[in-house]
């Protein structure tokens, strides 16, 4: 894929509770775009409040993709995200619209934007049964013990993945069980060639402001029925599913079981959310070339104006005969 034929897309990233949904919808309205969720948990049906899933009213008529596509007990990976998102980008671009990726799952977005060489992990049915049995055996381990198990055969991946990121730890273990190769070894040979002509926008603010927003959003989620949502998922038999290790769900299950108080669970939920936001910022700042917009200094309109400026500035540096032109902002 040459530079002149790369489709243009806008990517909006940032930590949890930073306002990605609101900005992405306004950008879509202004630039004739459609939105692809870049959140690893919003793919799951019935997990709405805890994942801060955009509502129909909030969409304001803007098409959204990669939301509510799987049951809570289904597995989902960066590879699967990449495959599906690529199809949506191709279709959106073909119809003359601008694909907009909005989300906070750094690995998923990075795998889409760059030429990740995912290996074929298909295995025989018997081998898959063995893998599932082993993963089932590991379910009872807490996060630290599971992380120690990963470190026993893949120290590099263990260093790169936080113990509380149970989903990524399990993914690294599953990869090894399937291929007998280390996930860390695969990453070393990745080719970071850009797949798209990307305007990568990030939302930032002071840590104090972000943490206040996170705490407030947790309170709002609880007020909107998060506990009932988690209880319903447990009653449906999804308690042991990988998706239930997401922040907002794993903290409330012990309350349902009568193991901890709601007060303690809420404090843990807020703490885990703040820690996750910190990890998100570290990922985006270290691994991606993001143009940051400060939410404390800029209004929503100022952000839109800056995005317009960036599009025009980038357009002036490219041949106007590109196959997939950026949206014109001359009449906006």
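Cβ coordinates come from backbone N, Cα and C, glycine included.
What you see is a predicted model, and the numbers here were worked out from it, not measured in a lab.
The ATP binding site annotation in Swiss-Prot covers 14, 15, 16, 17, 18, 19, 20, 21 and is backed by sequence analysis. A 10 Å cutoff on Cβ-Cβ distances gives residue 18 (ATP binding site) a total of 25 other Cβ atoms nearby, all chains included.
Counting only same-chain residues 6+ beyond the ends of the region 'Interaction with substrate tRNA' (39-42), those with a CB under 8 A from a CB of the stretch are 50-51, 53, 66-68, 76, 81, 103-105, 108, 167, 243, 246. As annotated by Swiss-Prot, region 'Interaction with substrate tRNA' applies to 39-42 (among others), with the evidence given as similarity to another entry.
Summarising the annotation, Swiss-Prot assigns site 'Interaction with substrate tRNA' to 105 and lists similarity to another entry as the type of evidence. Counting only same-chain residues six or more apart in sequence, the Cβ atoms lying under 8 angstroms from the Cβ of residue 105 (site 'Interaction with substrate tRNA') belong to 38, 39, 40, 81.
If you look up Swiss-Prot, you'll see 167-171 (among others) marked as region 'Interaction with substrate tRNA'. When DSSP labels each residue, the region 'Interaction with substrate tRNA' (167-171) comes out as 5 helix, 0 strand, 0 coil, counted as helix, strand and coil in that order.
Feature annotation from Swiss-Prot assigns region 'Interaction with substrate tRNA' to 245-250 (among others); the stated evidence is similarity to another entry. The average pLDDT computed for the region 'Interaction with substrate tRNA' (245-250) is 96.
Taken from Swiss-Prot, the feature region 'Interaction with substrate tRNA' covers 278-285 (among others). Helix, strand and coil residue tallies for the region 'Interaction with substrate tRNA' (278-285), in that order: 8 helix, 0 strand, 0 coil [DSSP].
Positions annotated as region 'Disordered' by Swiss-Prot: 312-332.
According to Swiss-Prot, the feature compositional bias 'Basic residues' maps to 320-332.
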Would you list, in sequence order, the residues of this chain other than 14, 15, 16, 17, 18, 19, 20, 21 that have their CB within 8 A of the centroid of the site's CB atoms, where the site is the one recorded for ATP?
-> 104, 203
Long-range Cβ neighbours of the region 'Interaction with substrate tRNA' (167-171) (under 8 Å; 6 or more residues past either end) = 40, 77, 107, 135, 138, 143, 146-147, 150, 161, 183, 242, 245-246
Which residue among the binding-site residues 15, 19 has the fewest other Cβ atoms within 10 Å of its Cβ, if you could check?
-> 19
Could you tell me which of these binding-site residues, 14, 16, has the fewest other Cβ atoms within 10 Å of its Cβ?
-> 16
